[in-house]
C-alpha cells in the first residue's frame with residue numbers, strides 16, 4: 001500500500017517510506033511536460049490553495065503558486081505577518097482556521113519548528129510544511145531527490161556530500177533522512193565544527209546503518225563524491241563577523257576545484273557566494289534545473305493530496 005495516500009498532510013520526510021517517494025517522483029515525471037510547456041490542465045480545476053508564509057520565500061512560494069495554477073487551480077495567501085491580522089494580535093490558530101474555510105489545502109512556512117504540525121492538528125484540509133525553522137522541509141527534499149535521479153539515473157549506490165550550514169539548514173536535515181531509505185548510499189558531511197549535523201539526524205542514520213563521514217573541508221571529499229549539495233553559511237548565526245568571514249571563505253566551490261571531475265553541484269538557493277558564478281555555465285551546474293524541478297514535483301504533491309481528499313483512496 002502507498003502510505004502517501006494515508007497521509008492527510010506532509011509535515012516531515014520521516015513520514016515517508018521509499019515507495020511513497022518513488023510514487024511522487026514518478027508522478028512528477030508524468031507532469032513535467034505540462035510544467036515545461038507552461039500550459040495548464042484541469043486536474044485541480046476549481047480548487048484553491050492557501051499559502052500561509054510567515055517567513056521570507058521566493059522559490060518555494062512561487063513554485064507552489066505556479067504548480068497549483070498549472071493544475072488548473074488558484075491560490076490565495078499571505079507573504080509575511082505584516083500582510084495579515086497576526087500583526088494585530090490574531091493567533092496563528094485563528095488565522096489557520098480562517099484559511100481553512102477558504103482553501104482546499106494549506107502550505108505553511110514559519111520560523112518556528114512545529115507550527116505546520118500544530119496547524120495540521122486543528123484543520124481538516126491537507127497541510128504541507130514548506131519549512132519550519134531549523135526543522136524540516138519535506139517538499140524541498142522530494143525535488144532534490146527528483147533532481148538527483150533525473151541527472152544521474154539513480155539514487156542508490158551514490159556518494160553524496162552535504163556542505164555548509166548543516167546545523168540550522170532544514171533542507172539537509174530532511175535530505176539526510178530521505179537518503180537513508182536508499183541502498184548503498186554514502187554520505188559526507190562537510191561543515192565547520194560549529195555547524196555540524198545535529199546529533200538527532202546522525203542518530204537516525206546510525207539506526208538505519210547508513211554510513212557517513214564528517215569532515216572539515218571540501219578538498220577531503222571532492223574526488224570521492226557524485227553529488228555536491230551546497231548550502232550557504234548563515235551569517236546571522238555568528239556573533240563574531242571575522243569568524244563568519246573566515247569560515248565562509250573555506251566553503252566556496254568554483255570551476256577550478258571541479259576540473260576533470262564528474263560531480264554534479266546542487267543548491268537549494270538562494271546562494272550568496274558559496275558557489276562561484278564561473279560554475280554556472282559548466283556541466284556541473286544543476287542548481288537551476290533543481291529550482292525548476294520544484295514545479296513538477298509540487299504539482300505531483302498537490303495532485304496527490306488534494307485530489308484524494310477527503311476519502312484518501314488507497315493504492316495497492
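Cβ atoms here come from the backbone N, Cα and C positions, even for glycine.
Among the candidates 18, 109, the residue that Swiss-Prot names alongside 59, 60, 137, 140, 269, 270 for the carbamoyl phosphate site is 109. A straight line from the CA of residue 269 (carbamoyl phosphate binding site) to the CA of residue 170 (L-aspartate binding site) spans 13 Å. Looking at residue 170 (L-aspartate binding site) and residue 137 (carbamoyl phosphate binding site), their Cα atoms lie 6 Å from each other.
Cβ proximity to the carbamoyl phosphate site centre (mean Cβ of 59, 60, 109, 137, 140, 269, 270, cutoff 8 Å) flags the following additional same-chain residues: 57, 58, 130, 131, 171, 268.
DSSP assigns residue 232 (L-aspartate binding site) to coil in the three-state reduction, outside any helix or strand. The separation of residue 232 (L-aspartate binding site) from residue 109 (carbamoyl phosphate binding site), Cα to Cα, is 19 Å. Residue 137 (carbamoyl phosphate binding site) sits 16 Å from residue 232 (L-aspartate binding site), taking the Cα positions as reference. For the pair formed by residue 232 (L-aspartate binding site) and residue 270 (carbamoyl phosphate binding site), distance between Cα atoms is given as 8 Å, rounded to the nearest Å.
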